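Undergrad: Pasting a structure below so you can have a look.
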Amino acid sequence: MEFYESTYFIVLIPSVVITVIFLFFWLFMKETLYDEVLAKQKREQKLIPTKTDKKKAEKKKNKKKEIQNGNLHESDSESVPRDFKLSDALAVEDEQVVPIPLNVVETSSSVRERKKKEKKHKPVLEEQVTKESDVSKIPGKKVEPVPVTKQPTPPSEAAASKKKPGQKKSKNGSDDQDKKVETLMAPSKKQESLPLQQETKQESGSGKKKVSSKKQKAENVLVDEPLIHATTYIPLMDNADSNPVLDKREVIDLIKPDQVEGIQKTGAKKLKTETDKENAEVKFKDFLLSLKTMMFSEDEALCVVDLLKEKSGVIQDALKRSSKGELTALVHQLQEKDKLLAAVKEDAAVMKDRCKQLTQEMMSEKERSNVVIARMKDRIGTLEKEHNVFQNKMHVSYQETQQMQMKFQQVREQMEAEIAHLKQENGILRDAVSNTTNQLESKQSAELNKLRQDYARLVNELTEKTGKLQQEEVQKKNAEQAVTQLKVQLQEAERRWEEVQSYIRKRTAEHEAAQQDLQSKFVAKENEVQSLHSKLTDTLVSKQQLEQRLMQLMESEQKRVTKEESLQMQVQDILEQNEALKALIQQFHSQIAAQTSASVLAEELHKVIAEKDKQIKQTEDSLANEHDHLTSKEEELKDIQNMNFLLKAEVQKLQALANEQAAAAHELEKMQKSIHVKDDQIRLLEEQLQCEISNKMEEFKILNDQNKALQLEVQKLQILVSEQPNKDVVEQMEKCIQEKDEKLKTVEELLETGLIQVATKEEELNAIRTENSSLTKEVQDLKAKQNDQVSFASLVEELKKVIHEKDGKIKSVEELLEAEVLKVANKEKTIQDLKQEIEALKEEIGNIQLEKAQQLSITSQIQELQNLLKGKEEQMNTMKTVLEEKEKDLASRGKWLQDLQEENESLKTHIQEVAQHNLKEACSASRLEELETVLKEKENEMKRIETILKERENDLSSKIKLLQEVQDENKLFKSEIEQLKQCNYQQASSFPPHEELLKVISEREKEITGLQNELDSLKEAVEHQRKKNNDLREKNWEAMEALASTEKMLQDKVNKTSKVERQQYVEAIELEAKEVLKKLFPKVSVPPNLNYGEWLRGFEKKPKECVAETSGSEEVKVLEHKLKEADEMHTLLQLECEKYKSVLAETEGILQKLQRSVEQEENKWKVKVDESQKTIKQMQLSFTSSEQELERLRRENKDIENLRREREHLEMELEKAEIERSTYVTEVRELKTQLNETLTKLRTEQSERQKVAGDLHKAQQSLDLIQSKIVKAAGDTTVIENSDVSPEAESSEKETMSVSLNQTVTQLQQLLQAVNQQLTKEKEHYQVLE
C-alpha cells in the first residue's frame, strides 16, 4: 500500500482543515469579547440571591450522577453545558432566591495589569495549539456556546492528559467538567490564576516541584472558596434593561452548579492533587489582600462561613471571634456599597448600550462565520468526493496497469518462445545442410559400391534374360490375338454402319408414307375450303397465326438440319477412326515383319546414348545454375524495386511540400485580392466621405448666405418698424426670426452630427489604413518567404527530374530484366521439350534394344558399362565443383546485397536529414553539394548495375549459343538414330537386351534429380527465412517510430492539460483567499483588477493605514492580531496548496507513466492484431478462392449434366421434329394451294365488287328519280287539295306507293352498308397480306 492509498491520508486532510478553521474562529471570538468581559464584571457587583440548603443537597445529588456519567465523548461533552443551562433556566422560576455577596469592582490599574498578563499568555497558548492538535480540538469545539470569560484552557490539564494516557474515560469526563467550571470564573480568579497557570506549566513540563506540607493544602482550600463565590455569568441579550431580576436569577442558576461542582471536585482525591499542583505557590498575603479589598454583606459572610465550616472545623472558632469585632466595620462597608451601587447603575446603563452594539456586531460576525464555515464545509465535501473519485481512478488504473503488465509479460514470453523456435529452426536448417552434404558424399560412395555389386549381379541375370525373351515371344502372340480382336471389332462396326443405313431407309419410307397421307388430307382440305368460302374473314386471322407457326417451324427445321449435319460429322469421325485402326493394323504387321532384323549396331548405340546422357546432364547443370542465377537476379530486382518505392515515397513527400507551398501561394494571392478589394472599398468610402463633406460644406455656405440675407431683412424690418411702429408686423417678424433661429439650430445640430460622423469615419479609415499597412507588410514577408521557397522549389524540381530520370532508367532495366526472364522461360520450355524428345528417343532406343535378338559380345557391353560408371563419377565431381562455386558466388552476392542495403539505409537517413534541414533553413549550398554527391553516387551505382546487366546479357547470349549447339547435336543424334533404326530393321540380331543396366542408369538419374530437388528446396527455405527476418526487422522499426510519435503527442497533451489545470487551481485558491479576506475585513477596499501579489500588498497597506488613523483605540490591536492570524492562515493555506500541488504532480507523473505503458502495449497489440488480421484476410482470400474453384467445378459438373440432359432432350426433339417436318411439309403445300385459290377468288370478288359499284351508281340514280317523282306526287296532292278534287282511290294508291318506296330505300341502304363492310374487311385483309 502506498501513501495515497492509505486511510490515514483520507482522514488527515479534512481533519487538519477543520482544526485550522476552528482555531482561527476561536481566537477571533476570544479577542472580540474581551471588552464585553470588562462590562460584565461591573454587573457582577449587583446582589445575587443564593439558594437554600435543600437545593444544595439536590444539586450535590445531581452532580454525583453527572460525575458517574462523565466518561463521554467530545460530542457528548459539548452537549452537556447546553442541557445544563436549559434545565437551570427552567428551574429558576420555582426556587427561592438567597443573596450572595459580590466582589468589589477592580481599579483601572488592575485591568491594565490583567491585559499585560493575558498578552504574555497568548503566545504560550498558540504554541500549545500548534504542538497538540488533539488537545486543541476540545476548546475549539467548546467555544461555540458563547462563553463570557476569556480564560484559556489550563495547560495543567493538557500536561496531565499527556502524563496519564492510560487513565479511564471517567477522568476525561471530569476534566471536561472542570474546564466548564473554569469558563464561568470571575475576572478576579483570572488575575490570580494566570500566574498560577504559568507555574503549573513549568511544574507539568519538568515534573520536579511537588506538594510538601499540609499547610499549603489548607491555603489552597481557602483560595478556592472566594473564587467560587465570585464567578458570575451575564448573558449578552437586548432585554437586560427591562428585567434585571431575571438576569440575576440566571446568574445564580449558572453559579450554583459550578459551586457544587467545585465542592465535589475538592472531595475527590485526584482532583485535589491537581488543584494543589495548580495553587501550590500562591502566597497567603495576596489572598489576604484580596479579602481586605472585598466588601461582604451579612448574608455573604454567612455563606462564606458555612463553606469554611464544611471545609475545616478549626477555622470556625477564629471566624466567630473576628465576626463580633467587625460588625461596626461592616456598617461602614454597607454605606460605601450603596454609593458604589449608584455608580455601578450608571455604568450599567452605559454598558447595556455597549452590549447591544456588541451583540449586533457579534450576530453579524456569527452570520459571516457561519457562511464561511458552510462554504468551507462544502469545499471540504467536494474535495473529499474528488479525492475518493481520484483514488478510485487510481485503483482502476493500477489494476489496468497490472493487467497490461501481465499481458506484456505473456507477449514477451511468446516472442521469446518464437525467437527460440526460429533459432532452433535455423540450427536445424544448418544441420540439414551439413547433413545433406555428408549424405551426398556417403551416397556417392555407396553408389559406387552398389554399381560394383550390380556388375556382379548382371552376369548372373543374363541367364534370366533369355527366359524373359521367351516371355516376350508369348507377349507377341498375345498381341496377334489382340489384332484379331480388333478385326472382329471392325466387323462389328461395319455391321453397325449397315444397321444405321437400314434405319435411315426405314425413316425415308415412313417419310414417303407421311407425304401420301398429307396429300390425301390436302384433297380433303380443298373440299373444306370450297365449303368455307363464306368464312374467309375468320381464316385470315388464323392465317396470321399459322404464319408465325411457320416461322417457328422453319427455325426448328434449321436446327434439325444443323443436328443432322453434326450427326453426319460424327459418322465421318467414326469412319476416320476405322481407317486409322486399319492403318495401325498395317503398321503392326510391318513392325512384326521388321522385328527379325536389328542387332548389328547395338554397341555403337550404347556409346552414343552414354555421350548423350553426359551432354544432357551437363545441360541440366547449366540450366540449374542459370535458374539460381535468375533467382538471385530476381531478389536484386526486388531490392531495387523496394528502393524505387522508397524514393517514390520521398518524392511524394517533396511533392506534398510543394503542394503546401502552392497552397500557401494561393492563399497569398487570395490575401492580396482581399487587400485590393479592401483598398477599393476604402477608396470608395473616402470618395463618399469627400462627397458628403463637400455637399455639407455647400449646404453650410448656402445657410450662411441665407442667414446673412435674413439678417439684412431683419435690419430693414427694424428700420421699417422704427419708421412705422405697428405691433402686428413686429410680432410677425419676431415669429419669423424665431422660426429661422430654430432652423439655424437644427442646421447646426445636423452639421455637428455630420462632423462627428466624419470624425468617426476618419478614425475607421485610419484603423483600416493601419490594418492595410500591416497586411501589406505581411504580404511582403510572405512574398519573401515565397521567393525563398521558390528557390527551394526549383531545387526540389531539379531533384525530381533527376529522380524521374533515374526511375526511367530503373524501369528500362526492369523491362530488360523482365524480357530476359521471359527469354529464359522460353528457353526452359525449349529445354523441357528437348528433354521430352530425349525421353522419347530413350524410349525408342529401349524399344530397339528390346527388339534386338542378338548381341555381338558380352565383354564389349561390360567395357561400355565401366566407361559409363567412370563418366558418372566425373559428372559427380564436376557437379561438386560447380556447387561449391555456386555457393561461393551466392555468398559474395549476399555480401554485395547487404552492402547495397546498408548503402540504401545510409542514403535514406541522409535524405531524411536533408529534408529536415530544408524545412529549417531555406536552400543551403553545403546541402546541395551533398545532394549532388549523393546523386553522383547513385549514378555510379546505376552504372555498376548496368555493367552487371551487360555481363548477365553476355552470359545469357553465351548460354543461348550453347543451347543452339545442343539442339544441333540433338538433331544430328536424331538423324543417326533414324539411320540406326533403318539398320536394325535390315539386320536381325539374336542376342538378348540388357534391361537391368538401363534400369540401374534410370535409378541413378532419379536419385540425382531427387538430390537436386532437395537442394532447391533447402535454398528456397533459406531464402524464405531471410525474407521473414527482414520483414520482422522492418516491422520493428515501424513500431518503434509509431511509439515515438505517440509518446511525443501524449507528452504534449499531458503538459498542456497539467498547465491549464494548475492555472485554474491557483486562480480558484486566489479567489477563495480574496473572498475570505474581504469577508473578514469588509471595510478594506482594494481594486480587483490587480494581480494576486499586488492585491495582497495593497490589502496589507490599507489595514496599516487604518491602524495609523485609529492608533489610540483598542480595536486597532485586535485588528492587528487578526491580521497576523490571517497571515498565518494564509501561510498555512499556501503550504497546503503546495502539498496538494506536489501530490498532484506526483499523481500526474504516475498517470503519464501509466499512459505511456498502456499506449506502448496498445500499439504492440495493435501491430499484432494487424498482423493477425492480415493473416486472416489471406486465409479468407485463399478460402474464398478455393470456394470459388469448388463452385466453378460444381457449376461445370452441373453444366455437363445439363448438357447431357439437353443432348438427350435434343435427340428426342430431333425425332419429334422429323415427324413434324413431314407433317408440316404437307401442310405447307396445302396452304400454298389454298393461297393460290384465295388469290383467284379475291380477283373474282374484285371484279364483282366493281360490278356492284356500277349497280350502286345506277341504284342511286334510280333513287334520285324516285325521290323526284315522290316530290312531284306530293306537289300534285297539294294541288288536288287546293282544288278540293281528291278521290279516295288515288289517295290509297299513293300511300301504298310511298310505303313500297320507303321499303325499297331501306333495303338499298342495308345493301350499301353490307357492301361497305365487305370492302373494309377486304382492305384490311390486303394490308395484312402486304
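Glycine is treated like the rest: Cβ placed from N, Cα and C.
Values in this document were obtained by computation on a predicted structure and should not be read as measured data.
Straight from Swiss-Prot, here's the annotation block:
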- 332-1329: coiled coil (COILED)
- 123-135: compositional bias 'Basic and acidic residues' (COMPBIAS)
- 172-182: compositional bias 'Basic and acidic residues' (COMPBIAS)
- N172: N-linked glycosylation site (CARBOHYD)
- N435: N-linked glycosylation site (CARBOHYD)
- N772: N-linked glycosylation site (CARBOHYD)
- N904: N-linked glycosylation site (CARBOHYD)
- N1055: N-linked glycosylation site (CARBOHYD)
- N1236: N-linked glycosylation site (CARBOHYD)
- N1302: N-linked glycosylation site (CARBOHYD)
- S75: phosphoserine (MOD_RES)
- S77: phosphoserine (MOD_RES)
- S156: phosphoserine (MOD_RES)
- S1085: phosphoserine (MOD_RES)
- S1286: phosphoserine (MOD_RES)
- 49-81: region 'Disordered' (REGION)
- 108-218: region 'Disordered' (REGION)
- 30-1330: topological domain 'Lumenal' (TOPO_DOM)
- 7-29: transmembrane segment (TRANSMEM)
Undergrad: Identify, in sequence order, the residues in the chain of N1302 (N-linked glycosylation site) that are 6 or more apart from it along the sequence and have a CB within less than 8 Å of its CB; answer 'none' if there are none.
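TA: Listed in sequence order, there are none.
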Undergrad: Looking only at C-alpha atoms, tell me how far N1236 (N-linked glycosylation site) is from N435 (N-linked glycosylation site), rounded to the nearest Å.
TA: 100
Undergrad: Who sits close to S1085 (phosphoserine): which same-chain residues at least 6 apart have their Cβ under 8 Å from its Cβ?
TA: K1102
Undergrad: For S1085 (phosphoserine), just give me the three-state DSSP call.
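TA: In the DSSP reduction, S1085 (phosphoserine) maps to coil.
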Undergrad: Could you give the Cα-Cα distance between N435 (N-linked glycosylation site) and N1055 (N-linked glycosylation site), in whole Å?
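TA: N435 (N-linked glycosylation site) and N1055 (N-linked glycosylation site) have their Cα atoms 61 Å apart.
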Undergrad: Reduced to three states, what secondary structure does DSSP give N435 (N-linked glycosylation site)?
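TA: Note: N435 (N-linked glycosylation site) is helical by DSSP.
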Undergrad: Could you pull the average pLDDT for the topological domain 'Lumenal' (30-1330)?
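TA: The predicted confidence over the topological domain 'Lumenal' (30-1330), as a mean pLDDT, is 66.
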